[in-house]
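Engineer: There's a structure below that I have some questions on.
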Amino acid sequence: MSRRNNKEKAIEVALLMTSGVTIVALFLLCIFLFREGALLFGDHSLVSFITGTSWYPSSSPAKFGLLPLLAGSLIVTAGAIILSVPLGIAAAIYMAELADPRIAQILKPFVEILAGIPSVVYGFFGLIVVVPLLQDLLSLPTGQTALAGSIMLGMMALPTIISVAEDAINSVPLSLKEGSLALGSTHWQTIYRVILPAALSGISAAVMLGIGRAIGETMTVMMVTGNTAIIPGIPEGLFDPVRTMTATIALEMGEVPQGSEHFHALFAVGAVLFITTFIINLIADSVKKKYRLQEEA
Amino acid sequence: MFLRPDKAEKLAFATLKICMASVIIFVSVLLIHIIVNGYSVLSIEFITQMPMKRMTEGGIYPAIVGTVSLIGLSMALAVPLGILSAIYLNEYSSPGRASWAIEMAINNLAGTPSVVFGLFGLALFVKYFGFGPSILSASLTLALLILPVIIRASKEALMTVPQEYREASLALGITKWQTTRKVILPAAIPGIMTGIVLSIGRVAGETAPILLTGAAYFLPRIPDSVFSQFMALPYHLFVLATSGTSISQTRPLQYGTALVLLFIVFMMNGIAVVIRNHYRKKLSR
């Protein structure tokens, strides 16, 4: 009997160690990302990195200012969110409240398909169809603009926003809805006065996750935003080429010698990106927890 | 001015429908555009030939081989790790510091951008372990990228196994590990398979991580070991569409590559749906 128990104990420990791989992976990721990034700050100050307004990695002396890239990421993401949040929430309301269950059953896999399309295919479509279209419609010197990035990223963030928001709407207790309808409110009044407020924290989590998805996206933005590292004006910068943090890493890493200043600067940008998404996920997580607590109460 | 409630409702619902329709139209245009333009390029030669004349003609065979090797190797690493982790989290762990830390790590890894995984793979596998830019480095990186996805899907599948199964088996004096292996895991396999198949689609389409860990612009041969550089479908599409002097000349090749990539991803989605439906039917019987 005790031998059997020993074997069971050993298996449990082995399983614990296996699942510990995720912790080790996260730990190593932080160490290697921050270590390689920190090596930049022998010759360059942290302040000049964070507040620097120009990114000229090949001028001499090289300038590694984060601001143009950060601003590029922010403007593209902001545009994407402005487009995808209303559209995504509207689609979620439609699927959860209005659509015939049979139609909803067809729409769901459709949204999954949207989530499955590789980012490089979105980028390709953006480059070939959306970019020329924008250039013609708005008579811009080039269609490769922050706006093109926002449109494509908005589409890519949609499945995340739709599915999380739909879950939040579906988890609103039926009694609330029935109570409101029984008082003589129309279905729409019930939706925007009762159901949406009750689902608000879940919907905010959906928005945060959408932001996280958009800010970390690489290939699509790299292919459609033109990649010019200048600080964009707001809002007219939407119609100019911009360069995001993700695109900078992917574009420049191929050309730099390993261990050079520039190499470490790109890791430093990666570290900023990691911290940004970390914070966004933390907020999304705490918002989600809040609405779970509300449900139980 | 205020609208009467019934008018307001009509207006609001019409807006919702327009929003839903525009999402559908956008996706349909994207898919149809690529299918229509890519279809005429597809041929046996296209998928079995090497690229020719500086990639302006010929096929995408090495890119397909590269993508398939990446899928095989990264799945071989991530699937066992993922399933065992999920078993620990759902069957063994009790709420406490260890399981909290593991869950936190999974959530964080899942939210980390793929290009950051690329940097990590470059620093750890390519540089520190000295694997160089290679299939091995890229597969290890992709394995870590999809590990959270597989753990979550497997855990979800294990959670749907009824508690009675566990109790009945344990009541017969069968050990916990045997119960898990012989009773619980078989019942959860369809759900786990769905998760695995979907992450195959994900691995096939990821570009940024392999760009930093070993994907080659052009290789005139098939990689001969896991330490070779490789071509891959998504990176090949990116290269054809953005660099070189003959971008418009190779447009048909670009559509063809995009279509093959989409085909792989949709085939995986389709398989996942089939497994799910099959399993649902079995349950409802």
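Any Cβ shown, glycine's included, is placed from N, Cα and C.
So TrEMBL says this about it:
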DOMAIN    A:70-284  domain 'ABC transmembrane type-1'
TRANSMEM  A:12-34  transmembrane segment
TRANSMEM  A:66-93  transmembrane segment
TRANSMEM  A:113-134  transmembrane segment
TRANSMEM  A:146-169  transmembrane segment
TRANSMEM  A:190-215  transmembrane segment
TRANSMEM  A:263-284  transmembrane segment
Engineer: Give me the stretch from A:113-134, A:146-169, A:263-284 with the greatest number of Cβ pairs under 8 Å to the transmembrane segment (A:190-215).
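Structural biologist: Stretch with the highest Cβ contact count: A:146-169.
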Engineer: Check for me, if you would, whether the transmembrane segment (A:263-284) reaches the transmembrane segment (A:113-134) - at least 3 Cβ pairs under 8 Å, residues 6 or more apart in sequence.
Structural biologist: no
Engineer: So which residues does the transmembrane segment (A:66-93) touch in its own chain, when a touch means Cβ under 8 Å and the partner is 6 or more beyond its ends?
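Structural biologist: Answer is 49-55, 111, 146-147, 149-151, 153-158, 161-163, 165-166, 169, 191, 196, 203, 206-207, 210-211, 214-215, 221, 225, 229-232, 234, 237-238, 242-248, 268-269, 272-273.
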Engineer: Please give the sequence-distant neighbours of the transmembrane segment (A:12-34): residues at least 6 beyond its ends with Cβ less than 8 Å from one of its Cβ atoms.
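Structural biologist: Same-chain residues near the transmembrane segment (A:12-34) but 6 or more away: 267, 270-271, 274.
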Engineer: In the same chain, which residue numbers or ranges, 6 or more beyond the ends of the transmembrane segment (A:146-169), come under 8 angstroms Cβ to Cβ?
Structural biologist: 72, 75-85, 87-89, 91-93, 95-97, 111-112, 114-115, 119, 122-123, 125-126, 130-131, 134, 195-196, 199, 201-203, 205-207, 209-211, 213-214, 217, 220-221, 224-225, 232, 237-242, 244, 291
